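Have a look at the structure below before the remarks.
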Amino acid sequence: MSRMAEQQLYIHGGYTSATSGRTFETINPANGNVLATVQAAGREDVDRAVKSAQQGQKIWAAMTAMERSRILRRAVDILRERNDELAKLETLDTGKAYSETSTVDIVTGADVLEYYAGLIPSLEGSQIPLRETSFVYTRREPLGVVAGIGAWNYPIQIALWKSAPALAAGNAMIFKPSEVTPLTALKLAEIYSEAGLPDGVFNVLPGVGAETGQYLTEHPGIAKVSFTGGVASGKKVMANSAASSLKEVTMELGGKSPLIVFDDADLDLAADIAMMANFFSSGQVCTNGTRVFVPAKCKAAFEQKILARVERIRAGDVFDPQTNFGPLVSFPHRDNVLRYIVKGKEEGARVLCGGDVLKGDGLDNGAWVAPTVFTDCSDEMTIVREEIFGPVMSILTYESEEEVIRRANDTDYGLAAGIVTADLNRAHRVIHQLEAGICWINTWGESPAEMPVGGYKHSGIGRENGVMTLQSYTQVKSIQVEMAKFQSIF
């Protein structure tokens, strides 16, 4: 693909040049080619976007629930019509296999938008009787202008997960995509405008997180920030949001999630789940189950089943329908993952497979890392304690249920957890003791629109998806009505 035209900001229904004068490049990690130069939003651009959003939000919030619902449903239709086009762009920018982006990224994002479009008329207040002459009623009102700050692993899906409930509740959103993968969020802005969203209700500001993101979190005109990313960055976002104007925040942060295989489990099922929990999207999924706990007596058999499945991984041309494994999103990220792999070897973990870059067959110029499985791991190892965000699985053994629950919870993270067992009593007993916000029994990874997702501990604050997220983009106003004559004590 030839280099794209320079990408601008999207403010008030159209493209506009950044005032900062700064740019950055976005690359295709499959081959290292530059896809486009992208303009970076500065402080003045954030001010412009907020003013635009304030204007648009008043128009949007004044529409009826059904009018807003119809516009968002039109956007859903356009997303589905353009699925292939958007998936190809997402593959170029992220490196993910087209077999994945064409069936997951836009599809699941559109589902979430459709879900919230349908929920708009359900945003209702309540009536509370006090006595014969007085009652209270409540209104759910939009927050106003909110900000979304996205991560690089699911660019358009995250933009939809954040914008759908915000817009459904009558807010305007300013969205900052990751500087690593900024392209499809700009296309989403075009689609919203085409669907009839008033100008300013969805503005997109590409830029560097430490600058553009910070300006958004500090801006007094923004009522809430929804952030997806790492724990350290999340803490900065939260601190800035609180220090500036006590903004509400939603944080979807990192994870080091446990997958527990019990001795009664079907090991073929367990191996299939472990593969998806570690190597889907080349391991760049925040909910990955990278700490795989297996009974000591099952370890050898489980390892053989994992090795057999690693042989089915097909890396190569990311647009080949048979490819199911792509490069990492960038060269700096690849190098960071490789440092973790070296650390795992140094600390005594045994490499079962992988452990290096992938080369040959057109892969030499890309950010490729081989699917890597470590075994003979222990809880104190760096690769077991820290989030790697790459195709690296750690196999650990255990002896008892009590032991594995304790060790599974021995982490600062609490995003996800899963178990594989044939015993439903055990399944529920154990899941109820795991300190994680998203849990799976005999499956892994699905996050449907109806399911609230978010973390415990350092893995986040608040939830995305589900009814409660729509409500979190509103504020409740209570109004008392008195029909009798008011009595003053003065």
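Backbone N, Cα and C define each Cβ position, glycine as well.
For Lys162 (active site, charge relay system), the count of additional Cβ atoms within 10 Å of its Cβ stands at 27 [all protein chains shown]. Taken from Swiss-Prot, the feature active site, charge relay system covers Lys162 (among others).
According to Swiss-Prot, the active site, proton acceptor annotation covers Glu252, on the basis of sequence analysis. Spatially close to Glu252 (active site, proton acceptor) yet at least six residues away along the chain are Ser226, Phe227, Thr228, Cys286, Val453, Gly454, Gly455, Ser459, Gly460, Glu464, judged by Cβ distances under 8 angstroms. Secondary structure at Glu252 (active site, proton acceptor), taken from DSSP and collapsed to helix, strand or coil, is strand.
What Swiss-Prot lists as active site, nucleophile is Cys286, and the listing cites sequence analysis. Cβ contacts within 10 Å of Cys286 (active site, nucleophile), excluding its own Cβ and spanning all protein chains shown: 25.
The DSSP secondary structure for Glu464 (active site, charge relay system) is strand. Summarising the annotation, Swiss-Prot assigns active site, charge relay system to Glu464 (among others).
Feature annotation from Swiss-Prot assigns K(+) 1 binding site to Thr26, Ile27, Asp93, Val180; the stated evidence is sequence analysis. In three-state terms derived from DSSP, Thr26 (K(+) 1 binding site) belongs to an extended strand segment. Shown in sequence order, Val34, Leu35, Ala36, Val38, Asp93, Glu179, Val180, Thr181, Pro182, Leu183 are the residues of the chain, 6+ apart in sequence, with a C-beta less than 8 angstroms from the C-beta of Thr26 (K(+) 1 binding site).
Among the features that Swiss-Prot reports, NAD(+) binding site is placed at Gly150, Ala151, Trp152, Lys176, Pro177, Ser178, Glu179, Gly230, Val231, Ala232, Ser233, Gly254, Cys286, Glu387, with the record citing sequence analysis.
In three-state terms derived from DSSP, Lys457 (K(+) 2 binding site) belongs to a helical segment. Taking a C-beta cut-off of under 8 Å and a sequence gap of six or more, Lys457 (K(+) 2 binding site) has these contacts in its own chain: Thr411, Asp412, Tyr413, Gly414, Glu435. Summarising the annotation, Swiss-Prot assigns K(+) 2 binding site to Leu246, Lys457, Gly460.
Swiss-Prot lists Cys286 with the feature cysteine sulfenic acid (-SOH), giving sequence analysis as the kind of evidence. The secondary structure of Cys286 (active site, nucleophile), as reduced to three states from DSSP, is coil rather than helix or strand.
The site 'Seems to be a necessary countercharge to the potassium cations' annotation in Swiss-Prot covers Glu248, and the record cites sequence analysis as its basis. If you take the C-beta of Glu248 (site 'Seems to be a necessary countercharge to the potassium cations') and look for same-chain residues 6 or more apart in sequence within under 8 angstroms, you find Leu143, Ala223, Lys224, Val225, Ser241, Ser472.
Long-range Cβ contacts of Val231 (NAD(+) binding site) within its own chain (separation 6+, distance under 8 Å): Leu253, Gly254, Asp412, His458, Ser459.
Within the same chain, the residues at least 6 positions away from Ile27 (K(+) 1 binding site) whose Cβ sits under 8 Å from its Cβ are Asn33, Val34, Leu35, Ser330, listed in sequence order. Listed in sequence order, Ile158, Ala159, Lys162, Phe175, Lys176, Pro177, Ser178, Ala185, Thr228 are the same-chain residues six or more apart from Gly150 (NAD(+) binding site) with CB atoms under 8 A from its CB.
The distance from the Cα of Ser233 (NAD(+) binding site) to the Cα of Leu246 (K(+) 2 binding site) comes to 18 Å. Shown in sequence order, Thr94, Ser178, Val180, Thr181, Val329, Ser330 are the residues of the chain, 6+ apart in sequence, with a C-beta less than 8 angstroms from the C-beta of Trp152 (NAD(+) binding site).
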